[in-house]
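As given in Swiss-Prot:
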- CYS315: active site, thioimidate intermediate (ACT_SITE)
- ARG465: active site, proton acceptor (ACT_SITE)
- GLY310, GLY312, CYS315, GLU536, GLY537: K(+) binding site (BINDING)
- SER313, ASP349, GLY350, GLY351, GLY372, SER373, TYR396, ARG397, GLY398, MET399, GLY400, GLN477: IMP binding site (BINDING)
- 422-462: compositional bias 'Low complexity' (COMPBIAS)
- 165-221: domain 'CBS 2' (DOMAIN)
- 407-462: region 'Disordered' (REGION)
Amino acid sequence: MADGWDAEKIFNTTVFGFTYDDLILMPGHIDFGVNDVDLSTRITRNLHVRTPIVSSPMDTVTEHRMAIGCALMGGMGVIHNNMETARQVAEVQKVKRYENGFILDPFVLRPSDSVADVYRIKEKYGYSSVPITDTGMLGGKLLGIVTSRDIDFLTDVHTPLSEVMTSDLVVGHEPVQLAEANELLRESKKGKLPIVNDNFELVALISRNDLKKNREFPLASKDSNKQLLVGAAVSTKPHDIERAKALQEAGADVLVVDSSQGDSIYQVDLVKRLKAAFPELQIIGGNVVTARQAKSLIDAGVDGLRIGMGSGSICTTQVVCAVGRAQATAVYHVCKYAREHGDVPCIADGGIQNSGHVMKALALGANAVMMGSMLAGTEEAPGEYYFHNGVRVKTYRGMGSLDAMRAGTRRTASPPARGLRSPEASPSTAASSGGASRASALSEASPSAKSEASRTSTSTGSAARYFAENQTIRVAQGVSGCVVDKGTVMQLIPYVIQGVKHGMQDIGARTLRDLHAQLVGGELRFDVRSGAAQREGDVHDLHSFERKLYA
């Protein structure tokens, strides 16, 4: 047929590897509007999002602000691990605390505590409303609540809270559904609604701010408790078991095992041990570019795969090590294998430069894409803006760059514990009742973990990703640079998604399930483009022009 070629023919009858720009999709029949396109997808076996975008766990891309922004837009962020465990845990908790259903671990104080304690909580964590119980802990008898209105004009910060708290309270009584509690909160016109049991003991809290966020961000990715989804990266080092345990207890919805070459005994053993300790914890393995690599990780029990090796804009693995694969070819073959062996979701990681690349990655079988360079330079990315040759930019670097390896700090074995009433302690959700048995499962070192003991605990997450922690000479597999200011992800992600929706409409696929069905059935057609065809398909023959991403 002259109307293009199916993917099977393109990828299995040539010795060449293809990138996204080498391919173009053939149009289909349009019988629906662009607003009818649904991009809901899975990023692991059990984790669903409404936008197929995940931010990369890089130290110049994803910390809590980026993770919050991505989740509000319907995707998810993955907190990088080029930092101490305690700090990474705190980053995860900031995402989880940004939006809540029932707040099950609120900061709580006693009547004898002072106004200064409330100020410390507000300064450190941003919360200005604090329930007051007789014990200063969740589960104590509720006596009142202190809000910013109660203490705004007080000059004596040593004033006991018993003198300023509001004791005439509107409360919800357990058991209560979240919808009922939210309606009660609306009717009360209060900022917070404490939830109590029959003994008037505090069991939870809900916030009016969350009702506003629900209205403003209807696509937001949330867990069963209506908190934003967030992932966190861990390395394959043996002691990162403790990091993984701390992140799981902090509420991370998925752990991403961060390695440039995922088919290693270290990653296989780590995945098996994590699955033994936390059977319900979702784990994304990688990175992989071949079916053989994918098989190793799927057999180990991963719930999702990252695809890509050397295709990122700041990655030099293919040049330095001569190992990797063209990204479009890697995505097609790995996704095909994963689909046929357990239907494991795949994330295309690397090489994404525009919304068209996102569309092509999804069309080749990916369930979502992971973005680094496209999100770097946004307001939510870590780092400060500066001017380079008159252009406002932010630093962006590969995790294999020497700068990233040097930037890592010494890891701590575990984060500090947090008492529910202590304003100075790090916030965390309570550990589950099965914690002791899980900890013992984690502490049993596997043979390969013992053989890896020489991988010292002082190395950085970045160095561990490239197996370079204990090397006298570190070979960079990435570079450091800068990217232009892109504004906020609150505008960038909707622009990208709208472009993808138009692409879906053009080929006649309402959902990603429809798109993948067309791919498997051969109805989805592609052409391979020559260099001249690629130039023709972009802006050309103009004296000058201005390329704007969105209006």
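Cβ atoms are placed via backbone N, Cα and C, with glycine included.
Structure coloured by features recorded in Swiss-Prot.
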residue : record                                : Cβ neighbours (10 Å)
GLY310  : K(+) binding site                     : 26
GLY312  : K(+) binding site                     : 24
SER313  : IMP binding site                      : 18
CYS315  : active site, thioimidate intermediate : 24
GLY350  : IMP binding site                      : 28
TYR396  : IMP binding site                      : 24
GLY398  : IMP binding site                      : 28
GLY400  : IMP binding site                      : 27
GLU536  : K(+) binding site                     : 11
GLY537  : K(+) binding site                     : 12
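Among the residues SER313, ASP349, GLY350, GLY351, GLY372, SER373, TYR396, ARG397, GLY398, MET399, GLY400, GLN477 said to bind IMP, no two Cα atoms are farther apart than 16 Å.
Secondary structure counts, DSSP: the domain 'CBS 2' (165-221) has 20 helix, 15 strand, 22 coil. In the three-state DSSP scheme, TYR396 (IMP binding site) falls into the strand class. Of the recorded residues, TYR396 (IMP binding site) and GLY312 (K(+) binding site) place their C-alpha atoms 12 Å from one another. The binding-site residues near GLY400 (IMP binding site), taking a 10 angstroms Cα-Cα threshold over the set GLY312, GLU536, GLY537, amount to none.
Cα of GLY372 (IMP binding site) to Cα of GLY537 (K(+) binding site): a span of 25 Å. For GLY372 (IMP binding site), the number of other Cβ atoms no farther than 10 Å from its own Cβ, over all displayed protein chains, is 27. Using CA atoms as reference points, the binding-site residues GLY350, GLY398, GLY537 were checked against CYS315 (active site, thioimidate intermediate), and the closest is GLY398. Annotation note: GLY310 (K(+) binding site) sits in a coil segment as assigned by DSSP.
Cα spacing between GLY398 (IMP binding site) and GLY312 (K(+) binding site): 8 Å, rounded to the nearest whole number. Between the CA atoms of GLY350 (IMP binding site) and GLU536 (K(+) binding site) there is a gap of 24 Å, rounded to the nearest whole number. DSSP assigns GLY372 (IMP binding site) to coil in the three-state reduction, outside any helix or strand. Classification of GLU536 (K(+) binding site) by DSSP places it within a helix.
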